Amino acid sequence: MPKAKGKTRRQKFGYNVNRKRLNRNARRKAAPRIECSHIRHAWDHTKSVRQNLAEMGLAMDPNKAVPLRKRKVKAMEVDTEERPKDLVRKPYVVNDLEAEASLPEKKGNTLSRDLIDYVHYMVENHGEDYKAMARDEKNYYQDTPKQIRNKINVYKRFYPTEWQVFVASLQNKKMEVD
């Protein structure tokens, strides 16, 4: 098969093109990624931001969304005509967002596995004797008795049910030994 005409010439580098400006302009013109999946799926790229949000029943400007009490106006100045409400064409977006917001927040902060193992080891071997814990060979960071007590209290606060189970298992072990 013959070569395509005009493809034998190699590409030459364009020295007169400012690559930094080219990339910056491309970044500016690119539409940002919408993080919220509900809004992203309902988004219409042919419409403006204001139109899209109005269709979803969301407010573009939070100051305009919440009506503020105006000063008292005399009866003659009052207009009987009110502004017509915007038509919400995509109410499911607001419903989904409200449902997502009403879910309980997932607990994201946990303790490291090393700290949990450290607390278990110290309490198993020394009970409530923090000075003995401070002298223990597994106390790699040379924590003071007060620091060790604070670490144990943090563990108790983070995992109260696990702490109760752990203490109960220690009591059972003590009973079996006696």
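Please read every residue number as a count from 1 along the shown chain.
Cβ atoms are placed via backbone N, Cα and C, with glycine included.
Per Swiss-Prot, the feature SUMO2 cross-link maps to Lys74; the stated evidence is similarity to another entry.
With a cut-off of 8 Å between CB atoms and residues at least 6 apart in sequence, the same chain places nothing near Thr8 (phosphothreonine). Residues annotated as phosphothreonine in Swiss-Prot: Thr8 (among others).
For Lys90 (N6-acetyllysine), the Cβ neighbour count at a 10 Å cut-off comes to 20, with all displayed protein chains included. Look at Lys90 (N6-acetyllysine): DSSP puts it in coil. Look at Swiss-Prot and you will find Lys90 tagged as N6-acetyllysine.
There are 13 other CB atoms within 10 A of the CB of Thr144 (phosphothreonine), with all protein chains counted. The phosphothreonine annotation in Swiss-Prot covers Thr144 (among others).
Per Swiss-Prot, region 'Disordered' is recorded for 1-31.
In three-state terms derived from DSSP, Thr8 (phosphothreonine) belongs to neither a helical nor a strand segment and is classed as coil. Rounded to a whole value, the Cα-Cα separation of Thr144 (phosphothreonine) and Lys90 (N6-acetyllysine) is 60 Å.
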